[in-house]
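One structure is given below, encoded as structure tokens.
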Amino acid sequence: MAAVLQRVERLSNRVVRVLGCNPGPMTLQGTNTYLVGTGPRRILIDTGEPAIPEYISCLKQALTEFNTAIQEIVVTHWHRDHSGGIGDICKSINNDTTYCIKKLPRNPQREEIIGNGEQQYVYLKDGDVIKTEGATLRVLYTPGHTDDHMALLLEEENAIFSGDCILGEGTTVFEDLYDYMNSLKELLKIKADIIYPGHGPVIHNAEAKIQQYISHRNIREQQILTLFRENFEKSFTVMELVKIIYKNTPENLHEMAKHNLLLHLKKLEKEGKIFSNTDPDKKWKAHL
């Protein structure tokens, strides 16, 4: 069990974590939001969920304690537990100008409305740099968890704000495994020292953690490929594969296992290692 996270905690000279006060099975102890910089105006990364007054009061406490204000808001991805608090922050925390709220666009691009439509996103792109006193953040497009996911490299600390690409404990969920694995490999190349994750405690052995995430998925992939190689003339439905590969997993978890397995199959199909037919009862087979 991870140590209990404080609601407001200074993690370094330029990073303060404010906990989203929204604990749950997917959010762990809550969404980590971060005030980044050293000056009278700092960047806020992520905003927690909507309608969580405890979070707003923790954020106000942090701004008072560190004698600072919000320069702009950067959202790592569209999920509600990261973008949902924008409206409440704009309403409850006074600013002399309208907050600038930044994120990467959805892919394929689509209109995104914040709350009741009073605020609009300013869209970033991979490689953009966001600066404030004491901090330089470089945008890293890391799709996979979602199609618009970004991590941010804090250059002064060689640290990564990983959003939901990497968590402080356990593993994450993803929409596209092919993209997700490529994103992990890109993050590994940075050779970061620290990861400030979207949920859970700070990760001090950044490279080892990323490598662990990659290995975890590779082991499962090898298991799937071995099964296809040993049965290269056979084709399988997803549930047939689940019953073989997850045979030691309780049956009530097979639906979740099916979701994960399907993402692995789609990745392997993209790579030309297996193929599927177009029947209603889709079957998968080794690509010789």
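Any Cβ shown, glycine's included, is placed from N, Cα and C.
According to Swiss-Prot, the Zn(2+) 1 binding site annotation covers His77, His79, Glu118, His145, Asp164. Among the features that Swiss-Prot reports, Zn(2+) 2 binding site is placed at Asp81, His82, Glu118, Asp164, His199, with the record citing a large-scale study or a structure entry. Look at Swiss-Prot and you will find Lys102, Lys282 tagged as N6-acetyllysine, backed by similarity to another entry. Look at Swiss-Prot and you will find Ser235 tagged as phosphoserine, backed by similarity to another entry. Per Swiss-Prot, the feature N6-succinyllysine maps to Lys273; the stated evidence is similarity to another entry.
Each of the recorded positions His77, His79, His82, Lys102, His145 was scored by other CB atoms within 10 A of its CB, and the lowest score goes to Lys102. For Lys273 (N6-succinyllysine) paired with Glu118 (Zn(2+) 1 binding site), the C-alpha to C-alpha distance reads 48 Å. Here the binding-site residues are Asp81, Glu118, Asp164, and the one ringed by the most other CB atoms within 10 angstroms is Asp164. In terms of C-alpha distance, the listed recorded positions Asp81, His199, Ser235, Lys282 place His199 closest to Asp164 (Zn(2+) 1 binding site). DSSP assigns His77 (Zn(2+) 1 binding site) to coil in the three-state reduction, outside any helix or strand.
Less than 8 angstroms from the CB of Lys282 (N6-acetyllysine) sit Thr237, Val238, Ser276, each of them six or more residues away in the same chain. DSSP classifies Asp164 (Zn(2+) 1 binding site) as coil under the three-state reduction. Classification of Glu118 (Zn(2+) 1 binding site) by DSSP places it in coil, neither helical nor stranded.
Taking the Cα of the residue listed as 'phosphoserine' as the reference point, the closest of the binding-site residues His79, Asp81, His199 is His79.
For Asp81 (Zn(2+) 2 binding site) paired with His145 (Zn(2+) 1 binding site), the C-alpha to C-alpha distance reads 14 Å.
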